[in-house]
Amino acid sequence: MPGEDTAEENALRAELAAERSYTDVCRAALGTADAAAQDRVREGAGVLTGQHSGEAAAEGVAGDGASAEALGRHLRSRAAELQREPDGPPFFGRLDFLGAGPGGEEAGEHRGQRYYIGRRRVSEHPSAPPLVLDWRAPVSRAFYQATAVHPQGVGSRRRFGWAPEGTGTAADLTGLEDERLADRPRESTGEGPSGAADGHTLASRIVTGEIERPRVGPMRDIVATIQPEQDDLVRSGPDSSMCVQGAPGTGKTAVGLHRAAYLLYTHPRRIERGGMLVVGPNAAFLGYISAVLPALGEGGVRQCTVGDLLPGLPVRAEDPPRVVELKHSARMAEVLRRALHGRVRLPDSPLAVPDGSYRWRLDEAGLRALVEETLAQRPPYEVGRERVRARTAALLREQAERRAGPPGGAWLRRMGRTRALTGFLDSVWPRTKPEEVVAGLLGDAGALARAAEGLLSEEEQRALLWQGRRPRSPRTAHWSEADLLLLDEAAGLIDHPEESFRHVVVDEAQDLSPMQCRVLARRSRFGSLTVLGDLAQGTTPWAARDWPEQLAHLGAPEAAVTPLTTGFRVPSELLGPANRLLEALEVPVPPARSLRTGGELRTVRVATTAGLARVVQERVAAALQREGSVGVIAAGERTAAVRAALEAAGTATGAPGGEPERVAVVEAELAKGLEYDHVVLVEPAELAGSGPLGLRHLYVALTRAVSRLEIVHAAGLPEALRG
Ligand SMILES: Nc1ncnc2c1ncn2[C@@H]1O[C@H](COP(=O)(O)OP(=O)(O)OP(=O)(O)O)[C@@H](O)[C@H]1O
């Protein structure tokens, strides 16, 4: 009854009412801004088609057709983005800086100010003071970092609770929570917000609620609840590369994506969207994360696998596993380099270059020295060729100078292009293509032996050589998937790739082979990397054993490695088996710990293997009675039977990664990076027994559950899961 409300409740109600009004103001401003953007597009389009300003505009006010077209494209894509941007709460936090008085001096220019913080800036018009600040603006940092010990001039921090399925209208604002940072006794409150003793327990209901919110569909952004150690990583500068070694569920992927959004906002000129690349392990994973950047207002960032960057030749051959491994090894890069540079022939005769009626002569020794010196510099092959051309022309110039004084630049250019000089180049430093280099190696035992001496054993060389499928010409070769890596490497040795990114975020980086790392290193030569991974989750035959070596392959040997150990996914009750298994994996990473409790772990014994699918189906049916997503994880060969049993019982199932179905059946190999509220892990012995990497797959599978993990088995349980 209203009459019985306490003063505190009344005050809260009044605050909520005020914040709802502010929500209305922000939404109105957002509506105006969007309408204005649409208008600009219409006007821009009108200008471009000549509708608005007559003849002159037919040419385009932007000067020429090409830039007018670019302007039009820009305007259209901006408007499309605004339209795409999902409705959502206009803000999630508020900072009240201290005024005059104790602590106020720390607030600096923000003294006495109040700021709302949201996913994007909101203002009535571009030059009006913002109603809401972008979470990436410098002052927003205090929202994530201020603590009672270091309040940074913040008097109080407010967090807002919004209806999860709402669209961010005033009615969707359901709660708020204040933390007073200034008037707490500083000695007694420890580091973390809300008086957490070690920064790893959360007293904020809103933060806890957000972290524990059931997961359905694709990954969400975490802007409202980024933790201080994550924020440090998100906001580190664009110039240096960094590596995050994080236990499962510690937010590596989230950090990487938010960092991408942060860099695009903070350094828009340096890192345009086209200059940002996000690399993930497979299509399912990319589907799962694809909505995060657009939700943060950053559409149009390329998100792909390493394979997507490779030459687009059809794959028509398959290599045995040993050969695949060999082709992924770093040694192949050196073999290819030698093969390529092995094409260079030292000059064995003098060169005569006709110049009108005169002939210049260059002696063999001078030419030889020049080619040898260039080779020793190990330049990209094409660069080397041009260097030899320029230096040969320079020798001609020296002669001309002695004879008739300094010749002009035009003469020098002409001499550099004479048929005689180009013919000389073609004989000592012939042009070549990646296909020619790789085919010349895999199709010729002698050439391979020369390039591989001391690097590959005879037996390895035999394994690499094409047997029976030797093509007539490189163009008709049947390439395997791993050959595409060799082709890309060869292309990179010939010339720097055209495609180049200013920043590359690499997720699950522990799984990349040296040759895959080099694909990324070549494309980020002038940029920096955010490398995310977990050595314990390495499940490829070439998975990294330590970070320094992997970072060297990625071209970022100087990157600092920062660990994240606080998990936001797996509750502590479910971490036991995973951490026991971790010990058996023998990787140099600390065990995960969790910020969350309340997990449920259950083991279900089935009498016979034949009965597994039916029990799984029952467990899934039970899981569906509760909120959230369900992931059934099994060895690849078992998934078909499980899926069939579920479908037979009328349960629709999806493939992993952001599909609309609530139940996904996931092969263990594809489970990496994904998460489900309820995981049914089927016959773990089959995962554990699937080769030397089996235990790693099991580790990944065990760490996918947000709330509940059920282990269904007929065979004996692997050691770590017993007891
Ligand atoms: N600060 C946070 N606030 C709320 N949720 C968070 C936060 N950090 C991470 N999460 C959530 O925790 C879950 C795990 O995060 P994420 O997938 O980024 O971890 P990861 O380290 O990449 O895991 P894995 O190693 O298994 O791939 C996600 O649902 C993510 O949204």
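Glycine residues also receive a Cβ, built from the backbone N, Cα and C atoms like all the rest.
Checking the ranges 44-63, 64-83, 644-663 against TrEMBL, the region 'Disordered' annotation falls on 44-63.
Under a cutoff of 8 A between CB atoms, and with a sequence separation of 6+ in the same chain, the neighbours of Thr250 (ATP binding site) are Leu564, Thr565, Thr566, Gly567, Phe568, Ala592.
Compute the center of the Cβ atoms of Gly246, Ala247, Pro248, Gly249, Thr250, Gly251, Lys252, Thr253, which mark the site for ATP; besides them, the chain residues with Cβ within 8 Å of that center are Asp534, Leu564, Gly567, Phe568, Arg569.
Annotation note: Gly249 (ATP binding site) sits in a coil segment as assigned by DSSP. For Gly249 (ATP binding site), the number of other Cβ atoms no farther than 10 Å from its own Cβ, over all displayed protein chains, is 27. Under a cutoff of 8 A between CB atoms, and with a sequence separation of 6+ in the same chain, the neighbours of Gly251 (ATP binding site) are Ile222, Gln227, Gln230, Leu564, Phe568. Restricting the average to the domain 'UvrD-like helicase ATP-binding' (225-571) gives a pLDDT of 93.
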